[in-house]
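Student: I'd like to ask some things about the structure below.
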Amino acid sequence: MTVGTGVISGASVDIDRATVDELEAATVESQRAGVERLLSVPAVEEAYVLQTCNRVEAYVVTGDGHDGRAALAAFFEGVPGDVLVELGHEESLRHLMRVAAGLESLVVGEDQILGQVGDAYEDARAAGGVGRLLEEGVTKAIHVGERARTETAINEGSVSLASAAVTLADEEVGVDDAEALVVGAGEMGRLAAQSLATRVGHLYVANRTVERAEHLAETLDADATVVELGDLDETVERAAVVVTATGSTDYVFEKSTVSDTGETFVVDIAQPRDVQPTVTELPDVTVRDLDALQTVTDENRAQRAEAATAVEEMIDVEFEHLLAQYKRKRADRVISAMYESAERVKAQEVETALDKGDFDESQREVIEAMADAVVNQLLAAPTKSLRDAAEEDDWSTINTALQLFDPEFGGESDSETADGDEIPKHLRDQMADAVFDQLGDD
């Protein structure tokens, strides 16, 4: 294991590189289920999965990068290699910051992704997937995301994926005074409903849990009718515009559901998709998915280019801080192990010295102080060397030091170190005699 702490490996599939079908192939049942699946691989020590409308990402901590890449390759089996982006240790850390800051979003600067990164963190923690490395990496990413939104204009006049869907519908068929249906009362459904509420003639809100749909309807600045999913057939016939964004793993709109609806414009921003692909065969139904939102989001990206540059600079600084923090902690572990090992030897030798004579309290203090001074002087140079090695990424030296000083590194027992048998008896006796000589000179 590298420095006894592991290596982060990551992999990402997003709508910028993948089609909706390819993104769907990467989708897992839930973020927590994905983490549990990764943790079932013996080499995986920590795991984190982020799954949103337009991306699926996974990160693991393993003993070396090879094991991490193998675990992620199995996790994303079925996803074409040309759309799967593999990330090394440092790339993973930087990429997480970019994601949380909204730079990797289809809608640059969207606020929703920051909450989604946080939710994924909680899911991973609940599954036992968050250890020291991912704790520091993900929480730093969240911190960067918060800074980006408070210190730059990256989310000024923020648009979301949901509002981009409404913009697309307005550009193609118009939404003013139309009857519209929003399916899904989650975050994306809520944002879509808010974007439509003050413009459409009437709004319908549907959700699998009716109570959530009712709660959403009550928060809107317009009258909205709540419908059950079982009544979608009738409602779709009245709606000219539909935005669907559920978390269902099954199709919400099948071909039979909308076969007699007349002219209907549907924007499907769910992942996996809510609309059965065969619906596009119907002449009166127009379906747009995440791929179709590219034009709207390209305009958004151009408008936020200056703010994005400021966020990039912020990430550069925070990334260097995080790397320095990792290096410092790795070196500190080795240094701590070295001092603990020296402390064990010192305690043994002081005890041997004290057993050789009848010392009063002041003499005992002299012996112990001298032993402490010897240890500190002997370890001063190695301590500096280890800190320098960490700064220079010389992990071979760090690992060697761990093997020498850390009894837990590699699963070795500390029983031999504890009893001091590795020091020949004649040397231990000579060391004790030297202490007597030192005291006798006073």
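Backbone N, Cα and C atoms are what each Cβ position is placed from, and that goes for glycine too.
Taken from TrEMBL, the feature active site, nucleophile covers Cys53. Look at TrEMBL and you will find Thr52, Cys53, Asn54, Arg55, Ser105, Glu110, Asp111, Gln112, Gln116 tagged as substrate binding site. Residues or ranges marked as NADP(+) binding site in TrEMBL: Gly184, Ala185, Gly186, Glu187, Met188, Gly189. Among the features that TrEMBL reports, domain 'Glutamyl-tRNA reductase N-terminal' is placed at 13-152. Annotation comment: TrEMBL describes 168-296 as domain 'Quinate/shikimate 5-dehydrogenase/glutamyl-tRNA reductase'. The domain 'Tetrapyrrole biosynthesis glutamyl-tRNA reductase dimerisation' feature in TrEMBL is assigned to 311-406. Under the heading site 'Important for activity', TrEMBL lists His95.
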Student: Around Asp111 (substrate binding site), how many other C-beta atoms are within 10 angstroms of its C-beta?
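Tutor: Counting Cβ neighbours of Asp111 (substrate binding site) within 10 Å gives 19.
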Student: Hey, for the NADP(+) site built from Gly184, Ala185, Gly186, Glu187, Met188, Gly189, who else sits with CB inside 8 A of the CB center?
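Tutor: My list of surrounding residues reads Ala162, Val182, Arg190, Leu191, Ala192, Asn207, Leu216, Ala245, Thr246, Gly247.
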Student: With a radius of 8 angstroms around the mean position of the C-beta atoms of Thr52, Cys53, Asn54, Arg55, Ser105, Glu110, Asp111, Gln112, Gln116, what other residues of the same chain does the substrate site pick up?
Tutor: Leu106, Val107, Ile113, Ser160, Leu161
Student: How many Å separate the Cα atoms of His95 (site 'Important for activity') and Gly184 (NADP(+) binding site)?
Tutor: 30
Student: Distance between Glu187 (NADP(+) binding site) and Gln116 (substrate binding site) at the Cα atoms, whole Å?
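Tutor: For Glu187 (NADP(+) binding site) versus Gln116 (substrate binding site), the Cα atoms are 10 Å apart.
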Student: Per DSSP, to which secondary structure element type does Thr52 (substrate binding site) belong, with helix, strand and coil as the options?
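Tutor: Going by the DSSP assignment, Thr52 (substrate binding site) falls within a strand, counted as strand.
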Student: How big is the Cα-to-Cα gap, in Å, between Gly186 (NADP(+) binding site) and Ser105 (substrate binding site)?
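Tutor: Each residue's Cα considered, Gly186 (NADP(+) binding site) and Ser105 (substrate binding site) end up 19 Å apart.
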Student: To what whole number does the mean pLDDT across the domain 'Quinate/shikimate 5-dehydrogenase/glutamyl-tRNA reductase' (168-296) round?
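Tutor: Within the domain 'Quinate/shikimate 5-dehydrogenase/glutamyl-tRNA reductase' (168-296), the model's average pLDDT equals 93.
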Student: Given a separation of at least six residues and a C-beta threshold under 8 Å, show me what packs close to Gly184 (NADP(+) binding site) in the same chain.
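Tutor: In sequence order, Ala192, Ala206, Asn207, Thr244, Ala245, Thr246, Gly247, Ala270, Asp274 meet the Cβ cut-off.
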Student: Far apart in sequence but close in space: which same-chain residues, 6 or more away, have a Cβ under 8 Å from Asn54 (substrate binding site)?
Tutor: Asp14, Ile15, Leu23, Ser105, Leu106, Leu161, Gln271, Leu290
Student: By a simple count, how many Cβ atoms lie within 10 Å of the Cβ of Met188 (NADP(+) binding site), its own Cβ left out?
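Tutor: Met188 (NADP(+) binding site) is surrounded by 26 other Cβ atoms within 10 Å.
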Student: Drop a 10 Å sphere on every Cβ of the binding-site residues Thr52, Gln116 and tell me which sphere holds the fewest other Cβ atoms.
Tutor: Gln116
Student: Of all the binding-site residues given, Gly186, Gly189, which has the fewest Cβ neighbours within 10 Å once its own Cβ is left out?
Tutor: Gly186
Student: Listed substrate-binding residues Thr52, Cys53, Asn54, Arg55, Ser105, Glu110, Asp111, Gln112, Gln116 - what's their greatest C-alpha to C-alpha distance in Å?
Tutor: 15
